[in-house]
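Enquirer: I'd like to ask some things about the structure below.
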Amino acid sequence: MSRPATPAMPPALLKTNEDPASDAASELAAGVAAVTATVAAAAPVSVPDASNAANAADAADAANAIERRLRLKVDLRLCTIAGILCSLNLLDSGVLSSAAVTSMLHDLGLDQGNRFSVAIFIFTVSSIAFQLPATIAVRIFGPRVWFAGITFAFGVITLGTGFVRTWQQMIALRVLLGAAMSGIFPGLAYLISTWYPRREQQLRFAFMQSGEVIVLATGSLVNYGLNRLDGRGGLEGWRWMFVVQGLVTCLIGAVTFWWMVDFPENAHKSFRFLSAEEASIVSKRIQTDRGDLVAQDFALGKVLVHAKDPKVWAFASLFFMQNIVSTALAYFVPIILQSGLGYSSDASIILSAPPYYYAVVPVLLSSWYADRFGIRAPIIVFNALCLIVGFAVLGFASNSGARYFGVFLATGAYVGNWAALTAYQANNIVGQWKRVFTAAVCTMFNGAGGIAGSYIVRSIEAPRYTTAVWISIGCVLPATESCQPANRSLSSSHILIISVVAALSVYFYFANRSLSRRHRVLENTEGFRFTY
């Protein structure tokens, strides 16, 4: 242990003197000087403290400013391309539904039996089959290479769809299309969850959803214009829809290679994105939030082991019930507008766009509120209730304008809940491979709900579409003409969503309490708490 330094004395007191009295006087003077210096140094105690506090506040403000700048940088680079790529899936459903009110069904023989429904669900079956390996591939090959490749493939296949001559050829291309698109949504949901702390995720998923529905809505208007090209170049109007979308998608695929970003720990591999210092700050934010920045080496067992967690299947069931309704609306809104509400073919295509533009408002507002106050379940329940009201108006109102308003409510609610449900599952799991598995399984169940959704809007039930309404709301009321006892097994998808979310949230609440009382470790991560 080092000795304390002797206080320095003024030079005037350091000269030697042979006289003992003089020596004593000198020592006394030196002591007084030392004490005076000590008191003087100790007097202004509050000044350094205030200065330190001000410096700490300035440092915190500077750090927050850097984080805000980085968030904006990542938002503009990642969320924009994610929204565009995710829109391709919905844009496909938009093109198919817009084409369905033209001559396509008759030209290809899809108007016989349930061939059109088969064309819809075979895409989903193919997508489900490839979802898990396609999501794993995002981590193995890297987001830039993988998303660029499958997007370009999607464009080529869509382009080819514009030249099919039989319904069998259409079905075959739909299988390939589903395989090409299988990794888009789960892969992007996984990638976004790796870039943001949990408290910031829902708004970023909302950004992705907003871009998706804006492109979808705009695509409906573009499809109206393309349908006017009927006969040009020897192609029917519906063929132009697929040809133009295919060419644009190929271009997007090429741009994706430079626009897309890599994972945070590999940010330096992205094209002109973050500096090394900025990448370090982002990585530190993620590691501090949940400690799962870097993935383990890949092994199939490390992925499949997460099938043992019942939470994963509960999250997946929510996506299944959600997509029963969303698929029905996405594919059949123009048909509902034409057959159910009596609008012309062109008017049906145009009027299918405004509900999607409107959906941007509730998804952004609800997601901002959710992130601001750190809540998830109340937002999901609110959106589910709005959808129930929307479908009730759509199914039971007699006025066409009121029923169209029901389409607005239902569309805004299900788009809002996509962001909310994605954040709900992403916030409550830890580990890179668990994120991969959960994102893939949720999207697989989402696709399975799409298969069911493709059958609930039945043309023979126009203009009321009672099956679609009752499955969406639920046969929870006494039997009526449109809700016979045999149909009561078709429980309300959104009442069930509310029930499952309530059960999960109760579990999360008590799990967090046990963390505080019993020092329990959740998700194998010290200090982790569930978000609900």
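Glycine too: its Cβ is placed from the backbone N, Cα and C atoms.
Among the features that TrEMBL reports, region 'Disordered' is placed at 1-20. Taken from TrEMBL, the feature transmembrane segment applies to 76-96, 116-138, 145-165, 171-193, 205-226, 238-261, 312-337, 349-370, 377-398, 404-424, 436-457, 492-510. Taken from TrEMBL, the feature domain 'Major facilitator superfamily (MFS) profile' covers 78-517.
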Enquirer: Per the 3+ Cβ pairs under 8 Å rule, pairs at least 6 apart in sequence, do the transmembrane segment (377-398) and the transmembrane segment (492-510) touch?
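Expert: Checked: the transmembrane segment (377-398) vs the transmembrane segment (492-510), in contact.
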Enquirer: What else in the chain is close to the transmembrane segment (404-424), if you only count residues 6 or more beyond its ends and a Cβ gap under 8 Å?
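Expert: Residues 189, 198, 201-202, 205-206, 208-209, 213, 315, 318-319, 322, 325-326, 329, 333, 336-337, 341, 351, 354-356, 358-363, 366-367, 370, 376-377, 379-380, 383-384, 386-387, 389-395, 397, 442, 472, 497, 501, 531-532.
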Enquirer: Counting only pairs at least 6 apart in sequence, do the transmembrane segment (116-138) and the transmembrane segment (492-510) share 3+ Cβ pairs under 8 Å?
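Expert: By the criterion, they do not touch.
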Enquirer: Under a criterion of three or more Cβ pairs within a distance under 8 Å and sequence separation of at least 6, are the transmembrane segment (436-457) and the transmembrane segment (145-165) in contact?
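Expert: No, the transmembrane segment (436-457) and the transmembrane segment (145-165) are not in contact.
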Enquirer: Three or more CB pairs closer than 8 Å, sequence separation of 6 or more: does that hold for the transmembrane segment (171-193) against the transmembrane segment (76-96)?
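Expert: As far as Cβ distances go (cut-off 8 Å, pairs 6 or more apart), the transmembrane segment (171-193) and the transmembrane segment (76-96) touch.
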Enquirer: Let me spell it out: take the transmembrane segment (238-261), skip the flanking residues so only those 6+ beyond its ends count, and list any with a Cβ under 8 Å from a Cβ in it.
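Expert: For the transmembrane segment (238-261), the far contacts come to 74, 77-78, 80-81, 84-85, 88, 91-92, 95, 98-99, 102-104, 107, 143-145, 147-163, 195, 219, 222-223, 226-227, 229-230, 232, 267, 270-271, 273.
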